[in-house]
2 protein chains.
Amino acid sequence: MSTRILNLELGARSYPIRIGSGLLRDPVSYQLLRGRRAMLVTDENVAQHHLDSVLHALKLPRDQALVLKAGESQKSWEQAGEVLDWMLASRLSRDGALIALGGGVIGDLAGFCASLYQRGIDFVQLPTTLLAQVDSSVGGKTAVNHPRGKNLIGAFHQPIAVVADTDTLATLPPRELRAGLAEVIKYGLLADPILFGWLEKNLDRILALESQFIAETIERCCAIKARIVGLDERESVSGGPRALLNLGHTFGHAIETFTGYSEWLHGEAVAAGMCMAADLSHRMGWIKAVELERATRLLGRVGLPTSPPDGMTPEGFRDLMGLDKKVKGGKLRLVLLRSIGEAVLTADFDEGALHATLEKFCNAGPAHAFAVSI
Amino acid sequence: MSTRILNLELGARSYPIRIGSGLLRDPVSYQLLRGRRAMLVTDENVAQHHLDSVLHALKLPRDQALVLKAGESQKSWEQAGEVLDWMLASRLSRDGALIALGGGVIGDLAGFCASLYQRGIDFVQLPTTLLAQVDSSVGGKTAVNHPRGKNLIGAFHQPIAVVADTDTLATLPPRELRAGLAEVIKYGLLADPILFGWLEKNLDRILALESQFIAETIERCCAIKARIVGLDERESVSGGPRALLNLGHTFGHAIETFTGYSEWLHGEAVAAGMCMAADLSHRMGWIKAVELERATRLLGRVGLPTSPPDGMTPEGFRDLMGLDKKVKGGKLRLVLLRSIGEAVLTADFDEGALHATLEKFCNAGPAHAFAVSI
């Protein structure tokens, strides 16, 4: 099978995104690192399936790999300190490189450490989840969480290469695959009506992991992300195009905070959040009822939640959305839809409409609630 | 007295450096922050002299200032975590700003926190030591220390403004003033023979804090630093011009590590390190005996140490210089002098000459050792 190669254009910080089957065990994927010292961070779940073949292709001894526990709780200030301790104890020099093998947690944590190690060293993303392959491994956002919220401490640090091996999705728990599809659908909703229609048509083949369809999905999503990141690398505070990638995320972060970042996966919270954003967009008269219906239906077909968990209240949402990074001068800004394929960042939404959306979704009841099915 | 204004040219990240008397209590210094939420970090020594007047000029309530203990030990991963906790607890938003009021420790620590807070917010440097005014506040290097070495964890994050109030030097302990002059002399040695001659001629007026001479000194140094940083913002791994600013620092870091970062000030260690670098440069046949003598004499006139502390051995130096950031592919690179006013970064020095330099300085004995005078 052929390798698809995209380039993220950022001047001196441009880098290739390679997508295809068998890339992790192919030494060609690591040519950029030839002759350089490298160290690798992964987690125990990913290590079980992929670590040996990656180390073999990299010709890296096992003691150059740090295997962390799996889970979002690893993305902490304390854990980042321990990874940095390990790198310093190994005396990695400034021209060495750090490799992240895993999903978004490993990529965000390792990227954060690479950005800080001796004020920044090269790092390579080897994403092994669909979410990481279409979203978090591309664009240079790195971070750890804080008890007060997700990704509140971080850095922009671009990788020097991203290698997305589609074979890794075969060992991914189905629930994580579905969560990744939430971000895939997000790209269609915010930037590409053709992608959205293509997903509606081909969802079953994607869910069945037909490799050409998976590779096509990843390539289309990365192309959108690469274009947006190229326009607005550091998500300008005044609200550049990159903020649009947060469609569904303000509601979603509130859900994740409410559920303690443990019960719901990020993609699941974003799925429910996108339904809420679409509902508000419809109440504003911006998208038609049929568009709201298409968005909600596609997310539902994937098996994703289309409403927040039981127990969340409109007041709870307001409170939890308060510290969100999209708060600007006290006024909440949201990413909403003008149509399927066009998103806008706006503080100019109707308070009453927002209230109605929150009321509706917080009273959706167990029939719509995802909590019953996990 | 007039304000001198330099501009550090870095495209979208350019910023002004204001130098003059009375700037900290002048609201004009803070115009860039007008209408924006700001928080301030300082230490207890600086707070005692300057905090009230700065808060007054900024119209900032006292609870927006965090007063840390003084000292290098504050520049730690754990302390950075606590500053970030404080900022998050105060719900500073992404368009807020952080102000560093103090010397190099406060500037490095606060700048590091500003670079990581929600992936980077604006920060302003209000340096209150000579060392910070001529060096650490300019150029965007931020960091914390690690038990394995100084500044090993950090980020490049440019301030949006630097305000150097020369009045602060009147309350600076004389020993810190002298340590700052080590970096001043460094600029002359590495880049500007005219500055070096001017310092030889006017040292007494500078030591007496004659304000025009102090302002002139800071301006000349900042102009050199701004030019070098403009050429090589991130100190390219392959050895760009910015690495030249590390003249004396490889030897100096070894001294600081040996003395546990507590007995010697950074500038004192750099002073002894520059004497060692000059000695090695002379042994290589690069600078004349008279140039070595001029460099050593000027540092000595300031009252700075011109040799390492008692108890350091050539073997100790080699070991402690091992993890230095200037190690490239296993081969140590040093900044050496071609003449007064011209430095080079090179791995191409004679091992025997280095050995002779280490032997000479480690046996310099108490007559040259600084340890007897502190």
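Each Cβ is built from the backbone N, Cα and C atoms, and glycine gets one as well.
Here TrEMBL has A:His249, A:His266 binding Zn(2+), and the candidate from A:Glu183, A:Glu315, A:Glu342, A:Glu351 in that same listed site is A:Glu183. In the three-state DSSP scheme, A:Ile106 (NAD(+) binding site) is classed as helix. Per DSSP, the secondary structure of the domain '3-dehydroquinate synthase C-terminal' (A:180-327) breaks down as 103 helix, 1 strand, 44 coil.
A:Thr171 (NAD(+) binding site) and A:Glu183 (Zn(2+) binding site) are 19 Å apart (CA-CA, integer value). Summary of the Zn(2+) site environment: with the site residues A:Glu183, A:His249, A:His266 set aside, the chain residues having Cβ atoms within 8 Å of the Cβ mean position are A:Leu131, A:Asp135, A:Ala182, A:Lys186, A:Gly248, A:Gly252, A:Gly267, A:Ala269, A:Val270, A:Gly273. A:Thr129 (NAD(+) binding site) falls within neither a helix nor a strand when secondary structure is assigned with DSSP, and so counts as coil.
Helix first, then strand, then coil: DSSP counts for the domain '3-dehydroquinate synthase N-terminal' (A:66-178) stand at 47 helix, 35 strand, 31 coil.
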